[in-house]
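J.: Okay, handing you the structure first.
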Amino acid sequence: MTSPASAPAASNTWPGLISALINGDDLAVGNTEWAMNTIMAGEATPAQIAGFLVALRAKGETVEELAGLVEAMVQHANPIDISGEKLDIVGTGGDRLNTVNISTMAALVAAGAGAKVVKHGNRAASSASGSADVLEALGVRLDLSIEQVARNAEEAGITFCFAQVFHPSFRHTAVPRRELAVPTAFNFLGPMTNPAHVQASAVGVANARMAPLVAGVLARRGSRGLVFRGDDGLDELTPTGPSTVWEFRNGTVKEQVFTPADLGIRPSTVADLRGGDAAANAAVVREILDGKTGPVRDAVLLNAAAGLVSIDLHAEGSLEQRMRTAFARAAESVDSGKAAEVLAKWTALSQS
């Protein structure tokens, strides 16, 4: 493939962009930003959207191409104003391993440890229970005004930006995505398009090729944090063995390997992390916040620690050293009851 600098500039038309992609040419940021703006405005046909997505996926997305999609999507989002430093802990999904809602539990634990968490998510796509599904099962209302969503963050230390509320223009992609029924670039945009413009993100990406690209886009946008992928295929920091981690800050990305055994965590299996429907996964959330030990707790604390490391990237030390300190903070959040208190307060606020 050729780079935008060496390739002829593709014209901002559907035939121009799709032809360039078929030829193996990388698009410029402005090209994909135009494409997404056109889609978000409802001015692209399902055939044009599908052709663009398939051609882009077949060529292989670049950081610049994803950055253009993200920029346009953020421009079309409903804005929300939440004060201070904010953190998102989120996975792209798509690992098809049907685990419990690890990132949702990790978000509660990180909030209990003092982080202001603004989680951006949706209903399940490839599993039985997405973050929105399990939060509803826990009693957190999602049919809130934007002002109420912001209030939850300010008063409870955590909130949830429901993707379909904050990105209504994304509805124009529904038909071609459903009919294609294969992953495309759009499956990876959620963690990069938090409408609260969070400063820090801990992002699990199951797709090994896409993970460093997500880190690259977030770095390009001035964010900081960690992108990770378990060697077992999980879109989480996994307790089953090593994970590859891409640490991004100050516009740069550094790849490294994290091994949970270095923190004294006993190896487990993906089967130990399997979940069920929203009601079953909500019961697991309550068990973990009540202090139940085992592989699920290990996974939750690891991912909460990743979030705490992400928002505190100025701290000194190796990734292992910083994870060790953050893991202890996450454990204290659960064992002191602070994480459970966060959920109780959030639920009550959302119902008031």
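We number each residue from 1, going along the chain as drawn.
Using N, Cα and C of the backbone, Cβ positions are placed for all residues, glycine too.
Reproduced below are the annotations present in Swiss-Prot:
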BINDING   GLY91, ASN122  anthranilate 1 binding site
BINDING   GLY91, 94-95, THR99, 101-104, 119-127, SER131  5-phospho-alpha-D-ribose 1-diphosphate binding site
BINDING   SER103, GLU236  Mg(2+) 1 binding site
BINDING   ARG177  anthranilate 2 binding site
BINDING   ASP235, GLU236  Mg(2+) 2 binding site
J.: These are the binding-site residues: THR99, SER103. Which one scores highest on other Cβ atoms within 10 Å?
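T.: It comes out as SER103.
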J.: Let me make sure I understand the structure: which of the binding-site residues listed (HIS120, ARG123) has the fewest other Cβ atoms within 10 A of its Cβ?
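T.: Relative to the other binding-site residues in HIS120, ARG123, ARG123 has the fewest Cβ atoms within 10 Å.
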J.: So what sits near GLU236 (Mg(2+) 1 binding site) in its own chain, CB-to-CB under 8 Å and at least six residues off in sequence?
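T.: Same-chain residues close to GLU236 (Mg(2+) 1 binding site) (Cβ under 8 Å, separated by 6 or more) are GLY91, THR99, ILE102, SER103, GLY204, PHE228, GLY230, SER243, ALA299, LEU302, ASN303.
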J.: What number of additional C-beta atoms lies within 10 angstroms of the C-beta atom of ASN122 (anthranilate 1 binding site)?
T.: 18
J.: Just to be sure I understand the packing, how many Cβ atoms besides its own are within 10 Å of the Cβ of ASP235 (Mg(2+) 2 binding site)?
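T.: Its Cβ shell of radius 10 Å holds 26 other Cβ atoms.
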J.: Tell me, in order along the sequence, which binding-site residues from HIS120, ASN122, ARG123, ARG177 have their CA within 10 Å of ASP235 (Mg(2+) 2 binding site).
T.: none
J.: Can you give me the Cα-Cα distance between ARG123 (5-phospho-alpha-D-ribose 1-diphosphate binding site) and the residue listed as 'anthranilate 2 binding site' in Å, rounded to a whole number?
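T.: With the alpha carbons as reference points, the distance is 15 Å.
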J.: How many Å lie between the Cα of ARG177 (anthranilate 2 binding site) and the Cα of ASN122 (anthranilate 1 binding site)?
T.: 15
J.: If you count other C-beta atoms within 10 angstroms, which of the binding-site residues GLY91, ARG177 is the most crowded?
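T.: Of the binding-site residues GLY91, ARG177, the most buried by Cβ count within 10 Å is GLY91.
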